[in-house]
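> Here's a structure for you.
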């Protein structure tokens, strides 16, 4: 793929998501989703490997099915109510179909099976776009229509996502699959709190995207996709290893890192609404996520072989070039917890 083609695809991604975010008409919103879907497929096949082509086909079939269901629900709602406005969903059947379609686009359980498979077959940068930028449009739609959606369905999808995302990530050795199940669990947190405090979903999504982009950038810089090479990284790139450890702990929600803030605020909001059972379940699922993050950290630190390095300088491969934005991303993803009172005020 030529650089010009890549630039066009990235611009189409930006255009499609922007169209969805700024639309109040179901047809324009659906067009934005389709532009984003069609634009990312060439990026998924960037390496021209059979696995990447397979993942692109899986992604296309899943997203096409979800788009078909979403358009059917919007058309049914228009037929029943006579308008295409995004905020006015008066039909229960349309509301239910829209919820399932958006859950399929987000990768919420039980529609999550495509996420780890597609991510495993794609490159690190394509996977980063899938888990960050491609979540903006579906989350924004749920954010806008959440008052009209069925709360019981949303709660079921959210809790099952946090449980399955944490449980299935326990036995993974591929870093991309670990990040996929982490994304499923985080999406469950966001969809759950959107029922009670939608603004908190925006904060949660922002911090999640920040940490995920930083982590994928480190993986791409060090060219690591499995947990086994992490045991050799400490001698080659100690700064990168430290960055991976801090970012994983932040994603796991361990204080005093940035990722603790959204989990703290979500559980606090659930307790305010006298939903102690839900808060307890979320806290337990957060421990599941933290456990498989700790397994990766264990592989990168405590399984290091005793090696003697007689050189003054650490060895780096030719592909190891530190992006200028990486230090900023790592710092923001790990040190923003003291700003939590400001987050609460803004919310």
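The backbone N, Cα and C atoms fix where each Cβ goes, glycine too.
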> Looking at the ranges 237-257, 300-320, which is given as transmembrane segment in Swiss-Prot?
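From Swiss-Prot, the annotated transmembrane segment range turns out to be 237-257.
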> State the non-local partners of the transmembrane segment (178-198) in its own chain: residues 6+ outside its ends, Cβ under 8 Å from one of its Cβ atoms.
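Beyond its ends, the transmembrane segment (178-198) has Cβ neighbours at 103, 106-109, 112, 115-116, 119-120, 127, 131, 135, 139, 142-143, 146, 151, 154-155, 157-166, 168-169, 172, 204-205, 208, 212, 215-216, 227, 251, 262-263, 266, 269-270, 273, 275, 278, 282, 285, 288-289, 292-293, 296, 347.
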> Is it true that the transmembrane segment (199-219) and the transmembrane segment (1-21) have 3 or more CB pairs under 8 Å, sequence gap of 6 or more?
no
> Please report, as numbers and ranges, the same-chain residues at least 6 past the borders of the transmembrane segment (1-21) whose CB is under 8 Å from any CB of it.
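Tertiary neighbours of the transmembrane segment (1-21) are 28-29, 31-40, 42-43, 46, 129, 133-134, 136-137, 140-141.
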